[in-house]
Amino acid sequence: MQDATAKERGAVTSPAPRPSLLRRTGRALTPLLWLGPALVLIAVVVLWPVIEMVRTSLQKISSSGVTLGYRGGGNYTDLFGEDDLIPVVLRTLLWVAGVVVVTMVLSLALGQLLNARFPGRRVVRWAVIVPWAASVLMTALIWKWMLDNYSGIVNRVLLDLHVIDEPVNWLAHPTQAMLWMMWVAVFVSLPFTSFVILAGLQTIPSDVYEAARVDGAGHLRTYFGITLPLLRPAVLIASIINVINVFNSFPIIWAMTGGGPGHKTDTTTTFMYKLAFYDQNVGESGAMAVVNFVLILVMVLLYLRAARWREEIR
């Protein structure tokens with residue numbers, strides 16, 4: 001009897017047999033069946049264009065798209081020898097910084113307003129999102145018409161208010177043109193960014209604010225001590241998306257000024273387009289695309305590093 005009991009205990013405590021190598025491999029590869037379609041899509045939509053972009057930057061390509069041979073770093077040498085490259089890059093950095101900073105500041109205020117309870121809040125939310133739903137090109141063309149020095153509504157209003165004495169061709173002067181295009185870029189970016197901030201605000205629990213009120217915290221202390229820190233993920237996401245979108249923005253600049261006069265309002269994106277289709281230099285345009293890609297990558301990494309550094313200080 002005791003022997004039978006001992007055998008039963010031994011049977012219970014004995015380790016389960018290890019699954020076979022084939023079964024373990026199958027379990028390890030199972031997630032790939034679900035991730036496979038997404039990975040293929042990323043490879044086709046993201047990785048392949050990047051590889052093709054780098055390959056193009058190293059080739060000598062005719063205006064008709066025929067590859068004439070390998071140039072190595074020749075396209076990069078020609079690109080960095082362009083007199084307009086440095087001003088275009090500096091203007092692009094100023095363009096991105098100005099648009100993103102103004103957009104984020106206005107979005108924080110607008111998101112707070114949209115999160116408040118007031119009559120007609122739903123209508124206001126719909127009105128805010130309309131510019132985002134509209135075509136960027138169409139929005140840029142409408143603003144170009146509004147700024148026209150003969151029939152534009154901006155000149156008419158300013159003339160009626162006696163702010164100006166005669167119509168102004170706002171898009172003929174590079175500085176004024178850049179400021180107006182930056183405003184249009186903010187106008188286009190504001191709806192999406194505001195709704196990202198709104199989504200972040202709605203994830204903050206009301207208990208946190210109640211605890212702050214009990215502790216006697218005022219509105220400013222509550223906002224800077226509770227709301228902004230808890231909005232950090234939303235602000236981070238919105239900022240990165242805006243940096244990428246604004247850096248690559250083409251329709252606004254092309255529709256309003258075409259990058260002119262000359263290259264005075266060009267950013268790296270429109271400059272790259274002109275290299276390919278005006279100067280018929282596809283290889284050099286490919287080199288500009290690689291530089292564009294590296295600049296965006298560096299800007300995003302620096303921003304992420306700065307955000308992490310602020311978090312470590314806290």
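Cβ atoms here come from the backbone N, Cα and C positions, even for glycine.
Small disclaimer: the values here were computed from a predicted structure and weren't measured.
According to TrEMBL, the feature domain 'ABC transmembrane type-1' maps to 89-303.
For the transmembrane segment (32-51), the list of distant contacts is 293: same-chain residues at least six beyond its ends, Cβ to Cβ under 8 Å. Annotation source TrEMBL lists transmembrane segment at 32-51 (among others).
Same-chain neighbours of the transmembrane segment (93-114): 121, 124-125, 128, 178, 181-182, 185-186, 189-190, 193-198, 200-201, 231, 235, 238-239, 242-243, 246-247, 267, 299, counting only residues six or more beyond its ends whose CB sits under 8 Å from a CB of the stretch. The feature transmembrane segment is assigned by TrEMBL to 93-114 (among others).
TrEMBL lists 126-146 (among others) with the feature transmembrane segment.
Marked as transmembrane segment by TrEMBL: 180-201 (among others). Long-range contacts of the transmembrane segment (180-201) within its own chain (CB-CB distance under 8 A, at least 6 residues past either end) are made by residues 95, 98-100, 102-104, 106-108, 110-112, 114-115, 128-132, 136, 139-140, 143, 147, 170-171, 227, 230-231, 233-235, 237-238, 241-242, 245-246, 249, 252-253, 256-257, 265.
Feature annotation from TrEMBL assigns transmembrane segment to 222-244 (among others).
Sequence-distant neighbours of the transmembrane segment (285-304) (same chain, 6+ residues past either end, Cβ-Cβ under 8 Å): 50, 53-54, 56-59, 61, 75-76, 78-79, 89, 92, 96, 236, 239-240, 243-244, 247-248, 268-269, 271-273, 275-276. Positions annotated as transmembrane segment by TrEMBL: 285-304 (among others).
Beyond its flanks by at least six residues, the transmembrane segment (222-244) meets 96, 99-100, 103-104, 107-108, 189, 192-193, 196-197, 199-201, 203-204, 208-209, 212-213, 296, 299-300, 303-304, 307, 311, 314 of its own chain at Cβ-Cβ distances under 8 Å.
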